[in-house]
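Q: Straight from TrEMBL, here's the annotation block:
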type	residues	note
ACT_SITE	Asp166	active site, charge relay system
ACT_SITE	His240	active site, charge relay system
ACT_SITE	Ser602	active site, charge relay system
DOMAIN	28-130	domain 'Inhibitor I9'
DOMAIN	157-641	domain 'Peptidase S8/S53'
DOMAIN	719-814	domain 'C5a peptidase/Subtilisin-like protease SBT2-like Fn3-like'
SIGNAL	1-25	signal peptide
Amino acid sequence: MVKMRAAEFGCAVAVLFALLIVGKADVYIVTIEGEPIISYKGDVDGFEATAVESDEKIDTTSESVTSYARHLESKHDMLLGMLFEQGTYQKLYSYQHLINGFAVHISHEQAEKLMRAPGVKSVERDWKVRRLTTHTPQFLGLPTGVWPTGGGFDRAGEDIVIGFVDSGIYPQHPSFASHNSDPYGPVPKYRGKCEVDPDTKRSFCNGKIIGAHHFAKAAIAAGVFNPSIDFASPMDGDGHGSHTAAIAAGNNGIPVRMHGHEFGKASGMAPRARIAVYKALYRLFGGFVADVVAAIDQAVYDGVDILSLSVGPNSPPATTKTTYLNPFDATLLSAVKAGVFVAQAAGNGGPFPKTLVSYSPWIASVAAAIDDRRYKNHLMLGNGKILAGIGLSPSTHPNRTYTLVAANDALLDSSVVKYSPSDCQKPEVLNKNLVQGNILLCGYSFNFVVGTASIKKVSETAKSLGAIGFVLAVENVSPGTKFDPVPVGVPGILITDVSKSLDLIDYYNISTSRDWTGRVKSFKGIGSIGDGLMPILHKSAPQVALFSARGPNIKDFSFQDADLLKPDILAPGSLIWAAWSPNGTDEPDYVGEGFAMISGTSMAAPHIAGIAALIKQKHPHWSPAAIKSALMTTSTTLDRAGRPLQAQQYSETQAMKLVSATPFDYGSGHVDPRAALDPGLIFDVGYQDYLGFLCTTPGIDAREIRNYTNCACNYTIGHPSNFNSPSITVSHLVRSQTVTRTVTNVAEQETYVITTRMAPAIAIEANPPAMTLKPGASRKFSVTLTVRSVTGTYSFGEVLMKGNRGHKVRIPVVAMGYQR
């Protein structure tokens, strides 16, 4: 969802100008000695302990928490006041809850001075983040399989608070209305505040939306914040934030209407869950880590249960070598310690390997799938040819054909050529008398790719000239161009296959007679456009979307393979209908609309956040790791037709093809909400286990770990592969290695038989072959991997635990053999 626009260039110039005036200043994130609230054990005189155990919420109302928070903030202010003169720096945020530090706007020289100051642990220059950018409840089996167990859709997600760190929310949208539902009572555990709209003076909250803040201090300091389009409030100036909030927790049964057609009913995964908005992303520039960290810090302090993050770093940070310890992931580790489940978009850099932007074991990293809807349409020509294309549009009048007129043949005069008239973006350059009552032919140029031209504008041009419909033909295509169907109010079709576009152009040229100057004497080409409003449902779903980021996971920014599988899970993320903000312009085809159908791992993460809310509602005392385990071990690696999942990939000619998918594409598999509510066994871990994983990962500096966690490395798990995750990854298998796992029974007493399978290059064996667990009991088992042949590639397999009461617990196994 990252596009360069002309406005961004203007923004960049403004920023440059601002920086020239003040001398080169940047935002820096600084961490300092001393424990944050979440891990402070009471060793400062006069301040009681505030630390929480693993998976426990911070009691922010207690006097000990508020007084220690004031103490930390005054230390931050004192340090800055001692080092620098008043007016030469600007402190933007004090971080006290999850990390102890602050964000400050200072010059490079001041940053170097700060780095050398006693008590300062790290100074990192802020860097940018970006957005990772409906039928899915039925596709996932929610209305029949899951909601009735939670009391039906009118109770699904009741009193669970989902926090969204995104581009804000459009509170007037029917997906977030509270007047048509049972009244929402107070949620005592949530203490977030609601900002008031500076223009209307109305609160952003309504019972359904329970908290609303915005964070823009780093963006303002960088000189890129424009209040007229970015809104100095939680208002969504982009659309992305409203879309993700509606996917996870939008109201049930909201009609998706556009251009007079109802495309179906939209619903969130957990339609009764509450929404807490932490706006830190903006339309043109994305956002800054300093603002995002402040938003996460506030969300955890306020008491959210689930965090949905459709955001990832633009590039690796400059100072931390370890992927797991960038300020983003380190803050999220503290969030998980406070009992918050975190779903994060895996990234949109696919289908290439090692493109993930979500790395750590404490985060659920979500890949994007294509669900079972495909929107197809066709153009019938007078010569009998039928050209396939895409277009969410009504058909032309049945049993009638219409004359085809190319935009280039309908120019008012030759001087308008400079406006790329074939794009059909400017009705005023075309001759209405020639176009009226006919089908307008337009060309899909590079302007559509960069966002300066849109299909929506083509349909508006056709309508204003009285055309019966339009055809947009793609004549040349750059590798990897992705075409999404766009809803339009007039008959319209996008011909994406270049060879089909050439068929159309040949037919048009043969049928159109011209004089010696090339002017058209008569238009004789005819055609009609089919109905593209109804989706075709495919059994081959789900498939891993082409753009979805792929593993293997990396442990450092030299791209060394990690002993941890990512992504974790696959969820719908392609062509997802959900709420949109009418002032959002992130997608030119949906400007001014109330709904949008867009794609991205941005759309997949809130599906998991919403389903996690349903699990949390049923099992309120489960840890974030238990929820993640339930989602992963019950997921499926088969499509609707019962065949192994496939992934979209590029062929040698850069066309798209389907290949067999692997855990590097889908993690454990595609989410199955019904099974996740009753997983049988869970792989549970707590804060100590995460520390053990960090301390055992080769190449991580123990001082770096201490900097970010305030903990010494006095706990080891032998090898990072022994971390108790619901997947096994050994990136460098020499001869033979045994890894251990511990499962906990969350159901009745059950006997499980353990079976294994693996690609032939590596032998696999599990021990014991069977075990019986009483309710609440935990048992260890081991898995031994042995190299049979060195292939230079990863081998994939699984461990399957089948219970005699019907539970199935499956974990993926990934290994690369280096030596027999």
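Heads up, the Cβ atoms here are built off N, Cα and C, so glycines get one too.
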Q: Given Ser602 (active site, charge relay system) and His240 (active site, charge relay system), what distance in Å do their CA atoms have, once rounded to a whole number?
A: 8
Q: Could you give the number of helix, strand and coil residues in the domain 'C5a peptidase/Subtilisin-like protease SBT2-like Fn3-like' (719-814) as assigned by DSSP?
A: 3 helix, 62 strand, 31 coil
Q: Could you give me three numbers for the domain 'Inhibitor I9' (28-130), the DSSP helix, strand and coil residue counts?
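A: DSSP composition of the domain 'Inhibitor I9' (28-130): 33 helix, 27 strand, 43 coil.
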Q: Whole-number Å only: compute the distance from the Cα of His240 (active site, charge relay system) to the Cα of Asp166 (active site, charge relay system).
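A: Per the Cα atoms, His240 (active site, charge relay system) and Asp166 (active site, charge relay system) stand 7 Å apart.
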